[in-house]
Amino acid sequence: MRPVSVWQWSPWGLWLCLLCRLCLGSPSPSTDPEKRAGSQGLRFRLAGFPRKPYEGRVEIQRAGEWGTICDDDFTLQAAHVLCRELGFTEATGWTHSAKYGPGTGRIWLDNLSCTGTEQSVTECASRGWGNSDCTHDEDAGVICKDQRLPGFKDSNVIEVEHNPQVEEVRLRPGVGWGRRPLPVTEGLVEVKLPDGWSQVCDKGWSAHNSHVVCGMLGFPSEKRVNTAFYRLLAQRQQHSFGLHGVACVGTEAHLSLCSLEFYRANDTARCPGGAPAVVSCVPGPLYTASSGQKKQQQSKPQGEAHVRLKGGAHPGEGRVEVLKAGTWGTVCDRKWDLQAASVVCRELGFGSAREALSGARMGQDVSKRYECANFGEQGITVGCWDLYRHDIDCQWIDITDVKPGNYILQVVINPNFEVAESDFTNNAMKCNCKYDGHRIWVHNCHIGDAFSEEANRRFERYPGQTSNQII
């Protein structure tokens, strides 16, 4: 019986593409309206875009000056306190790295530390008012539960911009509306404003604008469109313009982040010589309009991908991994933002990223530590009967009849997929193994998909005896 260490490797990395909100419990807020009166001399508001009324960048007015909070050491407990300051019952999540855009003015609080039970943010520890080494690229935001505190009345207000906001974007086919197959990949651009859906004047419309719109709709890129057909069609229809002067760089994740202007009223004369903006998008692999398109995609030779998402529960989310020199690795989350995440999403055939996650939210590497001892009759015996104990890091493998030589040691968990998992590809661990009759050397250990396909095929051709294979 020879001791062999077995471990599971979970690399440090990043994750993106679909919105994940941390829903943790929170301390119960005070039921006394007088104790919920907020911080004396302070006012609070939510700002930024795109956002909903109960989420946004946190801004505090102190001494008549509005400022922000740095995301250093910010936690869900601090978000609970701030949401109650704003008149909500609790927080469901928080954001970092100026997700709702960078603010202006002073950064009032840095290294804010709350337990979550404080009646006011002034009771939380911090570096002191106005003492910060952050920039507005680190402004913190909160996502509050859409439920107001009963009897809440205070000078603290949730101030929203009086300018309209672009809430949603859709493509409306020029003909056959309602009879076209989904998803709609080409049509007139329509934006949802507070008073309903409106069209966009195409004067100055560029491919960069189309790129942003396609990304918002989940498509990786745009393509040229027959504008002459749509201009001819526009002469026979009435239009409701609500937006003009759109000028995107092309890297924006949302149309609201572009330079644009709103019409104060529906006035077609404000788009002289123009017509409704039209966009045509290229569908990614998950969006195929017909079976013929599927067959066409399947017939094309597919090269090996160099970027992938791992550990996500749904398509389009997960830890970002890149292939370099035949080995898969992860990406550091420093300066990781929505713009960078959108580049990865589009490369994978999706649209713009909905959220750029950091802090190893979908798995990380806790320094490997092993606790091995002789716990008696346990381990893998002849015939692969497993007497494994879950509370130790090592198992014994019976190699009584194994001859000296070079081998591949492979450990597989959940081999028959009897337990549901978000990612089955990291359930196999392989190692090169050399046995001289007295000692064992184990090296080059990796999870089943740590290498490229080519490198993995070379690994499989490693000479040696194969035994106890899972069929």
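Cβ coordinates are placed from backbone N, Cα and C, and glycine is handled just like the others.
These come from TrEMBL:
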- 290-302: compositional bias 'Low complexity' (COMPBIAS)
- Cys70-Cys134: disulfide bond (DISULFID)
- Cys83-Cys144: disulfide bond (DISULFID)
- Cys114-Cys124: disulfide bond (DISULFID)
- Cys248-Cys258: disulfide bond (DISULFID)
- 44-145: domain 'SRCR' (DOMAIN)
- 169-282: domain 'SRCR' (DOMAIN)
- 307-365: domain 'SRCR' (DOMAIN)
- 290-314: region 'Disordered' (REGION)
- 1-25: signal peptide (SIGNAL)
Specify the nearest of the disulfide-bonded residues Cys114, Cys134, Cys248, Cys258 to Cys83 (disulfide bond), where nearness means the distance between Cα atoms.
Cys114
Cα-nearest neighbour of Cys114 (disulfide bond) within the listed disulfide-bonded residues, Cys70, Cys134, Cys144, Cys248, Cys258:
Cys70
When you tally the Cβ atoms that lie within 10 Å of each candidate's Cβ, which of the disulfide-bonded residues (Cys83, Cys114, Cys124, Cys134, Cys248) has the highest tally?
Cys83
Please average pLDDT over the domain 'SRCR' (169-282) for the predicted structure.
84
To which of the disulfide-bonded residues Cys70, Cys258 does the lowest count of other Cβ atoms within 10 Å belong?
Cys258
About how far apart, in whole Å, are the alpha carbons (Cα) of Cys258 (disulfide bond) and Cys70 (disulfide bond)?
25
Rounded Cα separation (Å) that holds between Cys248 (disulfide bond) and Cys124 (disulfide bond):
41
Sorry to bug you, but what's the C-alpha spacing from Cys124 (disulfide bond) to Cys144 (disulfide bond), rounded to the closest Å?
19
Give the distance between the Cα atoms of Cys124 (disulfide bond) and Cys70 (disulfide bond), rounded to the nearest whole Å.
14
